[in-house]
Amino acid sequence: MRLRLLALAAAVLLGPAPEVCGALNVTVSPGPVVDYLEGENATLLCHVSQKRRKDSLLAVRWFFAPDGSQEALMVKMTKLRIIQYYGNFSRTANQQRLRLLEERRGVLYRLSVLTLRPTDQGQYVCKVQEISKHRNKWTAWSNGSSATEMRVISLKAGEDSSFEKKKVTWAFFEDLYVYAVLVCCVGILSVLLFTLVIAWQSVFHKRKSRVRHYLVKCPQNSSGETVTSVTSLAPLQPQKGKRQKKKVDVPPAVPAKAPIATTFHKPKLLKPQRKVALPKITEENLTYAELELIKPHRAAKGVPTSTVYAQILFEENQL
């Protein structure tokens, strides 16, 4: 009997002994503090590294500790990847808001909390345990944990903060807005003044270009007669909308001031004559006269014409 006991003791001592329990490298991101708005979806990632055995399995558990309270188990993924809910999260309504998935086997695990509420604010802890079979028994070889704090900002607080930011921003740009309005007003006034100056100049030039009637007295010609001419510089009168029928202009009677020669009853037209050699006359015996003919403008109906008919007689001075 004693020999058997000694043999068993030697076998136990000589057989493979389990490794000493160590620590896994566990990291939770984002962290250590993360902020979410009320109603958003939160995602927490649990990274695991430095496993002691290649064939080992991992059991992942998430704990939740509200502000000023002890942590409580929320959800667990067993070594066989079975999801289990605990506490208040075991209810169907809460189960739909909480999801635990394995992104990469034995490396990355994701916890999603949907439609955040103010009661979801607190500390979230991820605890991982490495398990494997030894002598037909499941043995824990190592474990590790990491935590992060989640803060849920209510909509009212978010609106207040955004309103304050907008208020500060508006106060900053308010002065710039006033200055911009003043600059625009000055620009508009300058444009209006420039337009008025141009309009006034155009009207002034139009008035200056109006033509008036002047009676010009010409000096006496060689025959001792005085010729009175009319200069017309008046602009064209505006035409009426309807075209008037053309009427034959009848020359008016010769004014009384113009001298009428007794010997000439009717004006005679000059006929082309043959060239005749005439004696040269000195320049002293010649009298020059210039007559500028201006075609009169069409006068409106009922307005007297400004055309003057004059007969000029030339007499050669005797030496």
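Cβ coordinates come from backbone N, Cα and C, glycine included.
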Bond partner of C46 - disulfide, per Swiss-Prot - picked from C21, C126: C126
Secondary structure of N143 (N-linked glycosylation site) (DSSP, helix/strand/coil): strand
Segment confidence, the domain 'Ig-like' (24-154), expressed as mean pLDDT: 90
Listed recorded positions among N41, C126, N143 whose Cα sits within 10 Å of N25 (N-linked glycosylation site): N143
Length of the line joining the Cα atoms of C46 (disulfide bond) and N143 (N-linked glycosylation site), in Å: 13
Separation of alpha carbons, N143 (N-linked glycosylation site) and C126 (disulfide bond) (Å): 11
